[in-house]
Amino acid sequence: MGKLVIFSVAIAAFSVLLGERLLNMSKRYLAFREVGNQHLPNCVALKNIEHGSEDITILGNGLAFISSGLNYPGLPPSDEPGKIFLLDVKGPQLKPVELRISRNFDLESFNPHGISVFTDPSDDTVYLFVVNHPQFGSQIEIFKYVEEGASLVHLKTIKHELLHSVNDITAVGVESFFATNDHYFSNNLLKTLEILLLMPWTNVVYYSPNEVKVVSEGYHFANGINMSPDQRHIYVANIFNHSVEVLERKEDNTLTPVKSVPVGSLCDNIEVDSETGDLWLGCHINAKKLFLFDPKDPPGSEVIRIQNILSDQPVITQVYTDDGHVLMGSSVAAVYGEKLLIGTVFHKALCCDLK
Ligand SMILES: *[C@@H]1O[C@H](CO)[C@@H](O)[C@H](O)[C@H]1NC(C)=O
Ligand SMILES: *[C@@H]1O[C@H](CO)[C@@H](O)[C@H](O)[C@H]1NC(C)=O
C-alpha cells in the first residue's frame with residue numbers, strides 16, 4: 001500500500017514538473033501568440049526566390065546579397081542546393097541574379113545561413129562571409145565579390161571547435177568576425193533535446209587568424225548578430241529570451257554586456273541602418289507554428305525596428321506583420337532608402353515601400 005502511495009505521489013510530482021516544463025516551453029516558443037496583419041504598401045515578391053532568403057545584407061550602393069536554400073534541422077527542407085543572389089535595390093526590376101561561384105568550391109553541399117559583408121577600406125574590395133552547413137556541419141566561407149560577371153571567388157573555409165553551431169556572423173576584418181552559436185551541443189540527438197529545454201547555454205565567439213575565444217555567453221539560442229555603424233557595440237538576438245542584447249566591444253574584442261532590450265517576439269537576424277543606426281529585425285511570431293509546420297495554419301512574419309537603442313528609452317516599432325498567408329517565417333529585414341526587403345527561412349522574399 002505504502003509503495004503505491006509513494007509511486008502515485010512520484011507520478012503526480014513528475015506530471016506537475018512535466019506540465020510546468022511544457023508551460024515554460026510554450027512561453028519560450030510564444031506558442032499561443034497570434035498577430036493580425038499589418039501590411040505595407042506595394043509589396044512584391046522577388047523573382048527567382050522560392051527556397052528561402054534566410055539572410056540579406058545591403059551595401060551602401062544598394063546592392064543586396066541574399067542567402068537562399070537553407071536546410072536546417074526541424075524546419076521544412078529546401079530541395080534546391082544553396083545559392084547566393086544579388087539584387088540591385090535601386091534598379092527598376094526587382095530581379096535577383098544568382099551569383100556564380102568559383103569552381104574551387106563545392107556547390108552540391110552548399111547550405112548557406114547567416115551572411116555578412118566586409119568592405120576593405122584600403123581598396124574597397126567586398127568580402128562576403130557565409131555561414132555554411134555542409135552535411136549539417138558548421139563552417140565559415142569567405143568569398144571575394146567580383147562585379148564583372150557577377151561572381152564570388154572562394155578564398156577560404158574556416159573551421160574551429162569553438163565555431164561548432166554557427167548561426168550568424170558579423171565581419172570586422174578581412175579574416176575576422178564575431179559569430180553566434182545557436183546550440184551548446186554538437187551531437188544531433190542532444191541538439192534536439194536542447195531545442196526542447198532551451199537553456200541559456202549558447203555563446204558568441206570572436207575569430208581572427210591569431211586568436212579565437214568565447215566573448216559572451218548565457219543566451220537562450222543566440223541567433224542574429226550585427227554591429228553599430230561606429231563598430232563599438234555588438235547586438236545579439238537572444239531569440240528564445242525574446243530580447244536583443246547590447247554589448248560593448250573592447251579593444252581586445254572582448255564584449256561587456258550593456259543592456260537587454262525586450263522585444264516580445266522571436267527575433268532572428270539583425271540588420272543595422274548605416275545612416276541612422278536603427279536595428280531592423282526579422283522575427284518569428286510563434287515558434288510552435290514554425291517547427292510544427294502546417295501549411296493550413298502557417299507560421300507568420302513580423303518586422304520590428306528599434307530606434308535609439310543605446311538611449312534610456314529605445315523606440316520599438318512593429319513595422320510589418322503577416323499571418324503567414326502572404327509571407328511565412330520571416331528571418332531578416334533590411335532597408336535601403338524607402339525600400340524594405342523581408343527575407344524568410346524557407347519561403348519567398350518581399351520588397352515593400354516603407355511609406
Ligand atoms: C519554469 O520556469 C521557472 C521560471 O523561469 C523556473 O523557475 C522553473 O524551474 C522552470 N520549471 C521547469 C520544470 O523547467
Ligand atoms: C532575458 O531578457 C530579459 C529582458 O530583456 C533580461 O532582463 C534578461 O537578462 C535576459 N536573460 C538572459 C538569460 O539573457
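We number each residue from 1, going along the chain as drawn.
Cβ atoms are placed via backbone N, Cα and C, with glycine included.
For the Ca(2+) 1 site that TrEMBL gives as ASP55, ASN167, ASP168, ASN223, ASP268, ASN269, the extra residue drawn from ILE6, ILE115 is ILE115.
Within the set CYS43, CYS267, the cysteine that TrEMBL bonds to CYS352 via a disulfide is CYS43. In sequence order, GLU54, ASN167, ASP168 are the recorded positions from GLU54, ASN167, ASP168, ASP268, CYS352 with a C-alpha within 10 Å of the C-alpha of HIS113 (active site, proton acceptor).
Long-range Cβ neighbours of ASN223 (Ca(2+) 1 binding site) (same chain, at least 6 residues apart, Cβ-Cβ under 8 Å): ASN167, ASP168, THR180, ASP182, VAL236, ALA237, ASN238, ILE239, CYS267, ASP268, ASN269. The C-beta environment of ASP55 (Ca(2+) 1 binding site), restricted to residues of the same chain at least 6 apart in sequence and closer than 8 Å, consists of ILE66, SER67, PRO112, HIS113, GLY114, ILE115, ASP168, ASN269, SER331, VAL332, GLY343. Taking the centroid of the Cβ atoms of ASP55, ILE115, ASN167, ASP168, ASN223, ASP268, ASN269 as the Ca(2+) 1 site, the other same-chain residues with Cβ within 8 Å of it are GLU54, HIS113, GLY114, VAL131, THR180, GLY224, ILE225, ALA237, ILE270, SER331, VAL332.
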